[in-house]
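Taken straight from TrEMBL:
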- Glu250, Arg257, Arg272, Glu301, Phe340, Arg420, Lys426: ATP binding site (BINDING)
- Lys252: active site, N6-AMP-lysine intermediate (ACT_SITE)
- 328-461: domain 'ATP-dependent DNA ligase family profile' (DOMAIN)
Amino acid sequence: MSSITFLEFSEFCDELEKISSTIELSSKIANFLRNIESDDDIYNIALFLTGRIYPPWDEREVGIGVGLVYEALRLTTGLKKREIEEIVKETGDLGLASEKVLSRKLQTILFREELTIAYLREVFDAMSSLKGEKSQKKKVRMLMDLFSSASPIEAKYITRLLLGEMRLGVGEGILRDAIAKAFNLSADIVERAYMITNDFGKVAVTAKKEGEEGLKRLKIKPHIPIRMMLAQVAESVESAVMEMGRVAVEWKFDGTRVQIHYADGRITIYSRRLENVTKALPDVVEMVKKSVKSGVILDGEAIAIKDGKPLPFQNILRRFRRKHRISQAVEKIPITVQVFDILYCDNEIYSGETIDLPLHERRKILENVVKDDGNGLKLARQEITSDVRRVHEIFDEAIAAGHEGVMLKRPDSLYIPGKRGKNWLKIKEVMETLDLVVVAGEWGEGKRSHFISSFELACVAENGDLLPVGKVATGFTEDDLEELTELFKNEIEYEEGKKVVFKPKYVFEVAYQEIQKSPKYESGYALRFPRFVRLREDKDISEADTIERVGRLYESQFGMKGAR
């Protein structure tokens, strides 16, 4: 069975790029998937369409950044880096620039090896296996070989794929619908299968070969992370209690989510973005060993603590990022973990997935599983009540302890992976902030001339496009700017005077005085007096706030102003 050529795939992607309708997009992808014979091709294409080479939880990385793409293009074509940068500025996209550069390359390749999806997979796997001092040079050579065999359109999508930006408007919802249409399945069943496996390739292959029953047989597996259930914002304690009746009240901790897997004698810890952060958290591994028996998947919050008080959120992210001198970080930034849910249990207490049990039953299992004796994991306090005054008291206690507010949960709610719904509501003390994608920046002036000191921010359109809403230049400390400049240097696609354009990868949480209508930005909105709150490394850009939410917050301001 022959593999689909990468040229076929690239031409298909070019067709998708011209489509704005989400229904038309999903239908076109469905037709394409339906006609693929090879299971391996279906697996790879399902991932590639969303800009992924591996599932989000897979620790393998190809390790090709903007700089290596520039180098490979320079060596393949004979053009100078400056000339390539000019083309990137002109096109605004390194993928389009690769296409343009390859179409006018200085030397003609006499023999082109046909690229297939299967061959690209082999090369990507080989790249991800390279380690050590000479690995970068080897990767550049491998990428040169690909560019030498590629047509201009193939070069465009090789570049985009390696940088994780296909720019097709194909998000998870569109791919879910496409798989459902391709194999005549319910979109809900496809979505649940994806939320449990976090592998669209596996879901697509299973859908093709085994249909609905096969997808239903996909189960939670320890050491493969599950999408975390999320909360909506409640307007007030009163409205939440009125809507839910009895509520399970928990503190909303000022930390970051962790999912702890302990099975087969092995412990793995995943962040909200499904990244494996186990090596950075040896202290948490020891806590788990002291507190629970093997055979569980727990959901909780990691909090940096000093003198019994939570440290700013940024401290916990520094722990997550640390790859060296971890023991010093453990000593400098101690962590506690508050566990509030259980997703899987396979021991004498319970056997199997627990996500389809109501919260009050999961809580009983959790209380039997976690030994909270002060030496390991903490069992998050939970109280069930319908008394509004009592909820306010718990809220005040959480704020006094340095946390963000409270979570209100329906006692009979199931754990729905990846869903942000009304079964979990959050109430915070401050006005809602926005989580926005950083798309560009500017070098500073004077003593800040060596820092990127302002950043352009964007919300997410329905089709996945990024729509600017303003620039933030306040709220940063000198340490913040130094750290952020170092982080963003690796994501620069091109520079134009003082302006730098980034590969979209990181999310900022920002506060603001108000949202205004503005023709200046593509979104139609502008933030008035935006202020940097923190870098949300726990969030992928797909989790950034949408244009719809910006619009809702804009409208809600008028009610708030009228109430003053």
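Positions of Cβ are set from backbone N, Cα and C atoms, glycine also.
Remember, predicted model here, so these are calculated numbers, not experimental data.
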When pLDDT is averaged across the domain 'ATP-dependent DNA ligase family profile' (328-461), the result is 93
Taking just the CA atoms, what is the gap between Arg272 (ATP binding site) and the residue listed as 'active site, N6-AMP-lysine intermediate' in Å? 16
Rounded to the nearest Å, what's the C-alpha distance separating Phe340 (ATP binding site) and Lys252 (active site, N6-AMP-lysine intermediate)? Just drop the number here, would you? 11
Within 10 Å of each Cβ, count the other Cβ atoms, then let me know which of the recorded positions Lys252, Arg257, Arg272, Arg420, Lys426 comes out lowest. Arg420
Under a criterion of Cβ-Cβ distance under 8 Å and sequence separation of at least 6, what residues of the same chain contact Glu250 (ATP binding site)? Phe340, Ala380, Arg381, Gln382, Val406, Met407, Lys409
In whole Å, how far does the CA atom of the residue listed as 'active site, N6-AMP-lysine intermediate' lie from that of Lys426 (ATP binding site)? 7
Let me know the largest Cα to Cα distance in Å among the ATP-binding residues Glu250, Arg257, Arg272, Glu301, Phe340, Arg420, Lys426, as an integer. 19
What three-state secondary structure does DSSP assign to Phe340 (ATP binding site)? strand
What same-chain residues, at least 6 away in sequence, bring their CB to under 8 Å of the CB of Glu301 (ATP binding site)? Phe253, Gly255, Thr256, Arg257, Val258, Val337, Gln338, Phe340, Ala380
